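**Q** Have a look at this one before I ask anything.
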Amino acid sequence: MAPKAFPFSKLALLFSAFLDNFRDTRRNLGNHWSPRSPFEFQNLEFLGQRPHLENQVLVFHAETVLLRSSSLFPYFMLVAFEAGSLIRALILFVLYPFICLCHQDLALEVMVFICFLGLKKERFTEGRAVLPKFFLEDVGRESFEVLRRGKLIVAISDLPQVMVESFLKDFLDVDFVVGRDLKACRGYFVGLMEERRDYNAFQVVKLSPHVIGVGCFRKCFEHEWFSNCKEIYLVDEQERRNWHQLPRDLYPKPLIFHDGRLAFRPTFWATLAMFMWLPMGFTLGIIRTIVVLSSLPFEIKFPILHLTGVRIKISNSELATMSNVNGALYVCNHRTLFDPLMLSSCLRTPLTAVVYSLSRVSEILSPIKTVRLTRNRGQDAELMSKVLSQGNLVVCPEGTTCREPYLLRFSPLFTEISDNIFPVAIDCHVSMFYGTTARGFKSLDPLFFSMNPRSTYSARFLNMVHRGAGDENGDDARTSNYKMANLVQSMIAEELGFSCTKLTRKDKYLILAANEGVVRKGGELKTETETKMK
């Protein structure tokens, strides 16, 4: 006779009842007192309804309270790919299914070890140059609007301090950030973390009469910071999934500059798609680059690019060609290294482009003539006037590329060499890789831009601007030049729907790469120390 299955089915029923009871306890935790703690747990939505929150000190767990996603894989993949290499990123990707089987804390330590082992400490800038963009895009609007009301905000993170500090302090105005320190040996990370002590933040929390904590169920008991809280509000997974993305216009500090090659959020499945695309993308990128750099006529070049996934849109080109006078000055914003090439193809006429930090490799491969500036105002003005007298000239007065919908300050130098200016509004969108970089090998920019599965490039020609446009009030020559440069900047910004800024090329490189954007032989950027030594 077969043995009865009753004991096993009864055990299964008991286990099922235990799980149901555990879920009910977690779901209704906000309505019950914790038997082990002197404070009361409530849901986060009640904190938003609390009056006089502006006078309170808030302590919150960054990953579980701010971010909508519960997976930290994308941020470590960004570190592995951008700060490490393609090989390091592949190792993390292959091992991640096994990492998921580990305990959450162990999985975090393994990913930190894979991503940081061997990285040079002083060269790690991804925490301020790459990660903030992706963190900001994952912030929940509902939680952020509640937390920003606090008088003092203390963020507790399980991630390394170098990954989260810039995002929380510089962009979200968090007062104190307490992450984990990474151990280093002779200037290199060894991939191990240790607890970090921030005595200033701890004293603020300890001396405050009433501290409010916000976290998830498990983290509230793991961090000593929450032991000083009189009240604790909880966030659960279901609540996080219902949050909306924080709109760009609500960022406390606008995101204007960011670096890195990846233009998408590298989730596990998106990363899989990238690795599968790379062989095809590299081949297609070579073909596209050859087509763009070739001297093929417009009627052949653009259809080939369109068939390979590159869409090119041209608007109002007749405004630029209605004057057949030789020596036209075209002024455009700067999105990619292909801007002068695409502009020349759109106009179907040869152009000369002025450059400063373009790598020698890109200059050699360029099918149009390039003239390297010296950053000496008098010499550059004389050189540009000479080139303009011999043919058409294209200038990008921003001096560097900008990925976001902003225009950097236009240098007024171009207003001194011509009375008639043809503004051009340039825009492009990529799906996988950015074709610009602030650190690394700039000679690879065209290849990365060409490796995108899909990309869109648009050129919109605007009405010609005359010299009198900036001198209607009888200003002196210098003031008139600045007004004319600002007028051209505002025209292009209005056409694209971008915002004008007073930031310069130097600001971008100091923020992202801690240098002034000087390129060494081979296309790699010099460090700030090397630049000063020169």
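Keep in mind that glycine also has a Cβ here, set from the backbone N, Cα and C atoms.
Feature list, courtesy of TrEMBL:
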type     : residues : note
DOMAIN   : 328-429  : domain 'Phospholipid/glycerol acyltransferase'
TRANSMEM : 75-99    : transmembrane segment
TRANSMEM : 268-291  : transmembrane segment
**Q** Reported in the order helix, strand, coil, what are the DSSP residue counts of the domain 'Phospholipid/glycerol acyltransferase' (328-429)?
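**A** Helix (H, G, I), strand (E, B), coil: 34 helix, 27 strand, 41 coil.
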**Q** Residues sitting near the transmembrane segment (75-99): Cβ under 8 Å, six or more positions beyond its termini, same chain?
**A** 107, 110-112, 114-116, 119, 124, 126, 130-131, 134-135, 159, 163, 259-262, 266, 268, 271-272, 275
**Q** Take the domain 'Phospholipid/glycerol acyltransferase' (328-429) and average the pLDDT across it for me.
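**A** On average, pLDDT over the domain 'Phospholipid/glycerol acyltransferase' (328-429) sits at 86.
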